[in-house]
């Protein structure tokens with residue numbers, strides 16, 4: 001069975017997420033564990049958690065279909081001590097929020113080295129992850145591929161591999177592949193042969209077992225543009241034909257898909273319908 005959903009709003013509490021996921025035609029979801037544009041965060045209230053967990057069961061949402069996405073301000077690759085420390089503290093709190101909600105996976109962007117160099121940036125990431133995973137021992141961290149702009153680390157699979165090889169607990173780290181980011185970084189996932197090569201590379205570097213989620217987005221920009229601007233399904237440069245190549249791949253169909261396309265729940269509902277239209281599947 002295909003698992004698909006979208007990034008869902010949490011204003012009004014976590015408790016609303018399972019029901020709204022069902023209403024848009026989803027059986028998977030992603031959420032922020034707090035306001036992503038603030039350093040402030042706190043553990044959710046007991047009643048919110050209780051209703052959330054009850055509805056997770058009610059709507060048959062499984063552990064492998066629920067994902068938290070780290071806040072925008074976190075940069076554990078930063079060479080600036082104050083930012084790195086604040087990022088580490090917030091990351092640990094996010095992991096504890098995940099644990100409280102019963103969500104196993106936390107997706108993070110590796111971060112930007114801010115012109116300090118990839119090697120130093122990776123060392124900072126590894127140091128932070130080692131401390132965080134010592135402090136909170138249940139959450140599974142997913143490193144997301146990104147585009148190269150702004151000193152970002154993780155635009156290549158090899159950079160993600162370096163991080164995983166260096167951490168103390170590699171068994172608690174996996175990856176998320178974002179289709180827009182991959183396409184914009186120069187990986188042609190619209191071509192069957194090149195997609196197969198891309199997946200073989202993932203298997204060789206990490207094993208496909210490490211690939212836990214797909215961020216399913218079209219791209220506003222051309223292959224290799226390094227822009228990172230998401231577009232709605234079938235309306236971008238990946239397009240219907242390219243997405244069909246990607247989505248009909250047997251390996252890809254075994255991994256949950258999370259939409260991060262522009263728009264609200266109603267737009268995401270239509271994007272999910274478009275995904276099934278591309279697949280030729282009736283809902």
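Numbering starts at 1 and runs along the chain as it is shown here.
Heads up, the Cβ atoms here are built off N, Cα and C, so glycines get one too.
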69, 109 bind Zn(2+) 1 per Swiss-Prot; candidate in 136, 138, 144 listed for that same site: 144
Look at the Zn(2+) 3 binding annotation in Swiss-Prot, where 228, 230 are given, and name the residue from 181, 268 listed for that site too. 181
Given that Swiss-Prot assigns 144, 215, 260 to the Zn(2+) 2 site, pick the one from 47, 48, 64, 178 that the record assigns to that site as well. 178
CB contacts under 8 angstroms to residue 109 (Zn(2+) 1 binding site), restricted to the same chain and 6+ apart in sequence, sorted by sequence, are 70, 74, 144, 146, 152, 154
Among the binding-site residues 144, 178, 228, 260, whose Cβ has the fewest other Cβ atoms within 10 Å? 260
Specify the count of other C-beta atoms within 10 Å of the C-beta of residue 215 (Zn(2+) 2 binding site). 24
